[in-house]
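J.: Following this message is one structure expressed as structure tokens.
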Amino acid sequence: MAENTVNAINVDPSEVEKFNKLAGEWWNKTGAFATLHEINPLRLNWIEENVKCGYVSADHQKTAEMGLAGKKVLDVGCGGGILSEAMARRGADVTGIDLGTENLKAASLHAEQSNLQDTLRYQHIPVEALAATHAGQFDVVTCMEMLEHVPDPAAIVDACFKLLAPGGVCVLSTINRNPKSYLFAIVGAEYVLRLLDRGTHDYAKFITPAELDKMAIDAGFTRQDIIGLHYNPLTKRYWLAQNVDVNYMMAVQKPRA
């Protein structure tokens, strides 16, 4: 398993500052995070489908019909809470964690305005630190669009494994590393189409599916599914497909002993 040291926080301060400066934009659906709002229904449905297919409860019964409803969910790197809120609305009991204090203020305020305080809460804590005190406490863990922003993504994946109860499902998303992903995710998204602010991504931190698969296996997970997320700039339409050349999501499961 990846070595995990809680004292050495696995974070790039410049990345935290970058997103803190944009904290006021999280719930502006036409602002800096418009792309996240647009893809949120796709990723939410894919997460729920994988929970239905993979989650196994303590009594070894697959609760396929329930999906996210009734599950304890941890959203790692929750930002302003776009995905966290959506999962809470599906009936999950959600905890979102992030290291950006301004992000969490925006997330908490919006949750209060949306009357979701009973099923949604936020904490300012590294995932490794939470794993040291809350191992095995969650049915589902999500870590979306975060791994390519940290120094040691393997440690994040390892912490996600520790936090899951046996039989739980973890969904990860990141960006593949190849010439096509550089062209689409950086040149296209940041400079040509301006879907994202310039400097949002660092190509060297992109992660291939093989690398993420190895991180997951080393942590103890078994692979469940993988899917690519695609965008047509002419029609402004997003969809899921098997091609994982650029953005992709991976669902993995913690085996039940």
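Cβ coordinates are placed from backbone N, Cα and C, and glycine is handled just like the others.
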J.: With R43, G77, D98 listed by Swiss-Prot as binding S-adenosyl-L-methionine, identify the candidate in M66, M87, M144 belonging to that site.
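T.: That S-adenosyl-L-methionine site, as Swiss-Prot gives it, pairs R43, G77, D98 with M144.
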J.: Taking the Cβ of R43 (S-adenosyl-L-methionine binding site) as the centre, how many other Cβ atoms fall within a 10 Å radius?
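T.: Excluding its own Cβ, R43 (S-adenosyl-L-methionine binding site) sees 24 Cβ atoms within 10 Å.
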J.: Which three-state DSSP class does D98 (S-adenosyl-L-methionine binding site) fall into?
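T.: For D98 (S-adenosyl-L-methionine binding site) - judged by DSSP and reduced to three states - the answer is strand.
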